[in-house]
Amino acid sequence: NNKCDIEFATSECEMRYQDCGEASSCTALIEECKTSLQEECNQASSDESSTTVRPE
């Protein structure tokens, strides 16, 4: 999943807040957005590994 890719997360979040401008609150929103995308990604990949590695 490319959510895991920091470049993807960055452009996704910058696009989401493109009308926000250069205010410091906008930067904070973008950073928060990137963090949450990456957390979602990490959870998804750990879920996958826990199901696939389960012993028979």
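First residue shown is number 1, and so on along the chain.
Keep in mind that glycine also has a Cβ here, set from the backbone N, Cα and C atoms.
Sequence annotations record features per position, and here Swiss-Prot assigns disulfide bond to C4-C41, C13-C33, C20-C26 based on experimental evidence.
Classification of C20 (disulfide bond) by DSSP places it in coil, neither helical nor stranded. Across the fold, the C-alpha of C26 (disulfide bond) and the C-alpha of C33 (disulfide bond) stand 10 Å from each other. The disulfide-bonded residues C13, C20, C33 include none with a CA atom within 10 A of the CA of C4 (disulfide bond). The Cβ neighbour count for C13 (disulfide bond), using a 10 Å radius over every protein chain in view, is 19. Taking Cβ-Cβ distances under 8 Å and a sequence gap of 6 or more within the same chain, the neighbours of C20 (disulfide bond) are C26, L29, I30.
Of all the Cβ atoms in the protein chains shown, 14 others lie within 10 Å of the Cβ of C4 (disulfide bond).
C33 (disulfide bond) counts 17 other C-beta atoms within 10 Å of its own C-beta, drawing on all protein chains shown.
Recorded residues C33 (disulfide bond) and C41 (disulfide bond) have their alpha carbons 12 Å apart, per Cα-Cα distance. The two recorded residues C13 (disulfide bond) and C41 (disulfide bond) have their Cα atoms spaced 15 Å from each other.
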